Amino acid sequence: MSKRWFVTGTDTEVGKSVASSALLQAANRAGYPSAGYKPVASGSEMTAEGLRNGDALALQANSGVALDYDEVNPYVFAEPTSPHIVSADEGRPIDAARLSDGLRRLEQRADWVLVEGAGGWFTPLSAEYTFADWVRQEQLPVILVVGIKLGCINHAVLTAQAVQQAGLTLAGWIANDVGGAPGRRHQEYLATLRRMLPRRCWAKSRTCRRPERAPLGQYLDISLLAQ
């Protein structure tokens, strides 16, 4: 059976796609053909092939199996706002069953599937349903990406607690430098997170402009995921 994980973040723009790309590259290099899945994406640009989201394109490029764009990203919206708002505006409700169907198809084609969320843990997909609800339904282990900046300690601890209160496994976390050069208190933030979060830090990464091209996987040890 294919292994699956859900990659969430402490906020939007904290480096989920960088971390997901690194995980995919490392898994493929270790001999586990892997697929990236971005079920819902907002903030996309019109191309000759239709709407395309940069995060989803990075997952497609770093997958170890050949995937069409629609397989990676079934729901794509142009406006960079919460999915439940833009989907209601466009009259395109997000169907949780369709998200699950897409996941099943990828499980049949890859040894590992990395599912990247949108925004943070409780991002709404509708007025009544959040991404967290879908992850709980699918019983996906969670990988938390922490954007290292002022406020990240509170955000990370709250997210980790929410994951565990949902009865899900927090597999580990990845620290991502989001502000360019590390700040003066960077190492102290990391030390506090290592002490307060219930799982180990797998890696430190840095936000980059083109995660679909950057050699990110070499910095990540995926031995724990392979167990």
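For all residues, glycine too, the Cβ spot is worked out from N, Cα and C.
Given the structure is predicted, the values throughout are model-derived calculations rather than measurements.
Listed features, source Swiss-Prot:
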- GLU13, VAL14, GLY15, LYS16, SER17, VAL18, ASP55, GLU116, GLY117, ALA118, GLY119, ASN176, ASP177: ATP binding site (BINDING)
- SER17, ASP55, GLU116: Mg(2+) binding site (BINDING)
- LYS38: active site (ACT_SITE)
- SER42: substrate binding site (BINDING)
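Sequence features, as recorded in Swiss-Prot, placed on the structure.
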residue : record                 : Cβ contacts under 8 Å, 6 or more apart
GLU13   : ATP binding site       : GLY147, VAL178
LYS38   : active site            : ASN53, ASP55, ALA56, LEU59, VAL72, ASN73, VAL115, GLU116, ALA118
SER42   : substrate binding site : ASN53, VAL76, PHE77, ALA78, GLU79, PRO80, THR81, SER82, PRO83, VAL86, ALA118
GLY117  : ATP binding site       : PHE6, VAL7, THR8, GLY9, LYS16, THR123, PHE131, VAL135
GLY119  : ATP binding site       : GLY9, ASP11, THR12, SER82, PHE131
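SER17 (ATP binding site): 28 other CB atoms within 10 A of its CB, across all protein chains. Cβ neighbour count within 10 Å across all protein chains ranks GLU116 highest among the binding-site residues ASP55, GLU116. According to DSSP, GLY119 (ATP binding site) sits within a strand segment. DSSP gives ASP55 (ATP binding site) a helix state. All protein chains shown were included, and the count of other CB atoms within 10 Å of the CB of ASP177 (ATP binding site) stands at 18. The 10 Å shell around the Cβ of GLY15 (ATP binding site) contains 26 further Cβ atoms across the protein chains shown.
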